[in-house]
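Here is the structure we will look at.
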Amino acid sequence: MTVPADAPILTAAAMREAEAACAAAGVSLAELMERAGAAVADIVWRMAAGAPILILCGPGNNGGDGYVAARLLRVRGAEVRVAALGEPKTDLAKAARAAWTGEVEAFDERTAPAPIVVDALFGAGLSRRLSDDLAGLLARFAGRRVVAVDLPSGIESDGGEAWMPPLPAHVTVALGALKPAHLLLPTAPACGRTLLASIGIDAARTMRTLPPPPLPTGDPAAHKYSRGMVLVVAGPMAGAAELAAGAALRAGAGYVVLDGAGRAPLSAVICDDGDALAERAADPRLGAIVVGPGFPAGEGLTRSLDVALGSGKPLVLDAAAIAAGLTALASGERRAILTPHEGEFARSFPATGGSKIDRTLAAARQSRAVVVHKGADTVIAAPDGRVVAAWPGCPWLASAGTGDVLAGACGAMLARGGDAFEAAVAAVGWHIDRAARIGPGLVADDLIGK
Ligand SMILES: NC(=O)C1=CN([C@@H]2O[C@H](COP(=O)(O)OP(=O)(O)OC[C@H]3O[C@@H](n4cnc5c(N)ncnc54)[C@H](O)[C@@H]3O)[C@@H](O)[C@H]2O)[C@@H](O)CC1
Ligand SMILES: [K+]
């Protein structure tokens, strides 16, 4: 399962706007459909490598793309059949159907399979769950090589509904931009490998997929404080803060202090016994404070958090510190990153609804902080509306302590100065990249090892 890096993501409504802007700029919708069909035909041609192809066409423009692809594949000499769910309903799809000179079979229980099945039944226009009958018809083709046009049919484009497609795809050709459903659970795995055919749509980049990790560049003039100084506040479960402190160093901080009964995870981490928190937090060289790893709610957390909030320094809040710090964050302006997993998110932002992207954006606006909503489908959102979706992450990160490592990495990136959203994006990218290099058997400690 892969998605293109740094690619635009559009909701169905934003897609319609982009499409209209394209039309206003002189590129007709028919031309867009021709380009979409051509992109699908190209991919299917290579995947089929001479094997017979069955294209399933729906009543809307998704079906229109299917008819265009069928025509272009036949011109190339491919063996193509088309099966349709009735006659096309949109003008564009009618025109695409008319240009296909081959036979159109009815799509029903008698439709014979082919080694390659192209699913052009429904895309962004799906408005309700597929009927059981239709789901049954599609499920008959499980086990074939399936290419989905725009989305596997049955998936709701914006990711707000957890409808699963009856026929998951091996390859999904996203048209114009990626859609939230390609990047969010539970639907993302059903898209298989998602490829983007940009077809000339000028998509806004406010929402995008995770960029590739930047190449490491050392500043020859840097010193340890200019690289970023991070203070990690330990709670009763000091191991979590130790992981965060080690991660801050490995992610590029120049100087890391672990405050409160901890053991240095690396010799280069400076350990304090906890009496000097206020003094450390006031250090003008300090670039970020991390509070929350291994620190359950209670008096101790409240005291430490008050010091951190009172310092005015950029903050990374994790675990119980998120809910505890929300009111203070929302009433001021500061660079801050919150790193909740789903349970912490639900407790801190119970009133949010919609897709994970919608909910994370609402949480960022409410808290006036960057929110890294963790999971296999991590979503990062900023109060100004920017979003990065980090699917598919790295499966080896699903183990204890990796969240503490991410909090430390956020601290390192934030302490460098600059935009908190870009810092969070860099930290998530670092985390996934490092995990992928280690691979199977990863434990959180490995992420801060050599
Ligand atoms: N947005 C763009 O820039 C472009 C979009 N194109 C294609 O257009 C698609 C969107 O087309 P449409 O808006 O026509 O929508 P779709 O083709 O996805 O589906 C709409 C049709 O399906 C019916 N329908 C919806 N849910 C149903 C259900 N559960 N059961 C049975 N019927 C159902 C609707 O009544 C309507 O007739 C995209 O996914 C893409 O494939 C491309 O042609 C190229 C450009
Ligand atoms: K489809």
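Every residue, even glycine, has its Cβ placed from backbone N, Cα and C.
Curation does not apply to TrEMBL; its annotations are automatic.
Residues ASN62, ASP119 are recorded by TrEMBL as K(+) binders, and the candidate that the same record lists for that site, out of SER28, SER153, SER157, is SER153.
Annotated (6S)-NADPHX binding in TrEMBL involves ASN61, ASN62, GLY63, GLY64, ASP65, GLY123, ALA124, GLY125, LEU126, SER127, ARG128, ARG129 plus, out of the candidates ASP42, ASP91, ASP150, the residue ASP150. Distance noted between the C-alpha atoms of SER153 (K(+) binding site) and LEU126 ((6S)-NADPHX binding site) is 8 Å. Most Cβ neighbours within 10 Å among the binding-site residues ASP65, ASP119, ASP150: this distinction goes to ASP65. Proximity to ligand 2 at the level of Cβ atoms, with a cut-off under 6 angstroms, picks out ASN62, ASP119 from the binding-site residues ASN62, GLY63, ASP65, ASP119, ALA124, LEU126. Here the CA atom of ARG128 ((6S)-NADPHX binding site) lies 15 Å from the CA atom of ASN62 (K(+) binding site). GLY63 ((6S)-NADPHX binding site) carries a helical DSSP state (H, G or I).
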